[in-house]
């Protein structure tokens, strides 16, 4: 039993390796980009809109309200990044219903990359909103003695994001694989359904935490 797709090497030339995690990640990205292009190719501003566009607008509206409730008033500025995070993680986790599929989020390399994107995005959004000086001032609030603690907090929460998502998805896959070998068929099916729900919850938690971190970084201007 493989712990993650990192152990399955598809192609190797010297030190360059193409493992299942990388291949699956690129395949998911291609599917998502193609699906997005297909879904948005005939958007209409008129009164007569296709039903699928109404559904998309409802979903986007819900996402915007969720972002605004966290504290980011200009939700459309952050929706492309935060929405992409959620969709990629959710789609990656939902595809576990495909036999033989190894979710990229079950690999620490993938979750670390996602967490690093949040680590980079937070100061970028903070600087864009408050300016370089305004953003850097948040590290010495409420007192300059908090500077090292705030830096440690930035690093530790990035690590926590990566490990939390990796641990939950990998453990779920391992438990399901074990149950398939030692229990009747019905129980693993129920666990698969629970795994899909857990995958959606993890995608929601990851994106909400990213939203909270960005909201905190953009708060300097308001203060």
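Keep in mind that glycine also has a Cβ here, set from the backbone N, Cα and C atoms.
Since we're looking at a predicted model, the values are computed, not measured.
Annotated features, as they stand in Swiss-Prot:
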type: TRANSMEM; residues: 20-40; note: transmembrane segment
type: TRANSMEM; residues: 78-98; note: transmembrane segment
type: TRANSMEM; residues: 108-128; note: transmembrane segment
type: TRANSMEM; residues: 174-194; note: transmembrane segment
type: TRANSMEM; residues: 196-216; note: transmembrane segment
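The stretch in 20-40, 78-98, 108-128 that contributes the largest number of Cβ pairs under 8 Å to the transmembrane segment (196-216) is 78-98.
Sequence-remote contacts of a segment are chain residues at least 6 beyond its ends whose Cβ falls under 8 Å from one of its Cβ atoms, and for the transmembrane segment (108-128) they are 4, 6, 21, 25, 78, 81, 85, 88-89, 134-135, 138, 154, 158-159, 161-163, 165-166, 169, 206, 209-210, 213-214, 217-218, 220.
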